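Noted in Swiss-Prot for the protein shown:
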type     : residues   : note
ACT_SITE : D166       : active site, proton donor
ACT_SITE : D187       : active site, nucleophile
BINDING  : R248, W250 : substrate binding site
CARBOHYD : N43        : N-linked glycosylation site
CARBOHYD : N262       : N-linked glycosylation site
SIGNAL   : 1-24       : signal peptide
SITE     : Q165       : site 'Transition state stabilizer'
Amino acid sequence: MGTHRIFIGLIALCCFCLPHLIEAKPFGVYQQQVFVDQSGHGNFTTIQKAIDSVPINNRHWFFINVKAGLYREKIKIPYEKPFIVLVGAGKRLTRVEWDDHYSVAQSPTFSTLADNTVVKSITFANSYNFPSKGKMNKNPRTPAVAALIGGDKSAFYSVGFAGIQDTLWDFDGRHYFHRCTIQGAVDFIFGTGQSIYQSCVIQVLGGQLEPGLAGYITAQGRTNPYDANGFIFINCLVYGTGMAFLGRPWRGYSRVIFYNSNLTDVVVPEGWDAWNFVGHENQLVFAEHGCFGSGANIGRRVKWVKKLSESAIQNLADLSFINRGGWVEDLPIPA
């Protein structure tokens, strides 16, 4: 994830991100339900056409059910189409794939700038650098985003995110990821989102990197000590091939917490890297609490890793970190 490329991407996105003004209607109220089926037995044959059918400034939950299959398309939910619920047949059965690359702003296979987006049981993949049938991809490694999440109050249940570099751009807003699988090798969870990752599987694909090169799981972009954002990983599994740091700072007050998570030996002993902020490590909030596994030995961590108080940890590793107003409980979670 090149900093200059990210900056360019942010400028491009700002042209589309208008203030979030629409609030959710009561739980259970929905306007319409449509089906996407490539065989022609649904309302639409592509996911994007189904999204396009949602009314501008929609104010009720709109369910889009996607049948099993490989969907070769780029998908975008614009900011003016909130309250979309996108449901697949399973993250191994419904897969959306594209191979755009280089620009983080233009490459996402899936992007949502709308508030109140809910996705369940789908995988979004950027295939540009992704290994095929276990074989190493020989394309030059470059940013290739699988998903960009830019709206507030958005949740993802049993969703897959597959890529190598910059897989999941957790761009902005409050987000909840539950039982998701995120695959990558370099900065593959990055951005300035205020997010909880609960019971997720983080798979390091270090075998796609040059021999001896360690990857990076997170690159979080908190810019000052008063920013509320950060990435909180709760009861997650970190495993894979090769080696990886838990994170490095994209901005000077980066905040990432791993809580009660299983860290295997894919995690490098040092745990964290200061990257471009050597000498300013005291500003970074990189912490682990209650983690276990062969990669969780904090005795070999960098000396500047944060030692947070029990009360600070409990405040961060709690749904209330993202759930002001109780929006998570009000989501129309598909069965």
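In case you wondered, yes, glycine gets a Cβ from its N, Cα and C as well.
The shown structure was predicted, so the numbers you read here are calculated from the model rather than taken from an experiment.
Where Swiss-Prot records a feature, it is marked here on the structure.
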residue : record                      : Cβ contacts under 8 Å, 6 or more apart
N43     : N-linked glycosylation site : V34, F35, V36, A50, S53
R248    : substrate binding site      : D187, Y216, T218, A219, S254, W272, D273, A274, W275
N262    : N-linked glycosylation site : C236, L237, V238, Y239, C291, F292, G293, A296
Validating a neighbour-count step here. Other CB atoms within 10 A of the CB of W250 (substrate binding site): how many?
23
Identify, among the active-site residues D166, D187, the residue whose Cβ has the fewest other Cβ atoms within 10 Å in this structure.
D187
Rounded Cα separation (Å) that holds between D166 (active site, proton donor) and W250 (substrate binding site):
12
For Q165 (site 'Transition state stabilizer'), the number of other Cβ atoms found within 10 Å of its own Cβ:
26
Between W250 (substrate binding site) and Q165 (site 'Transition state stabilizer'), find the distance joining the two CA atoms and give it rounded to the nearest Å.
14
With DSSP assignments reduced to helix, strand and coil, which class does R248 (substrate binding site) get?
strand
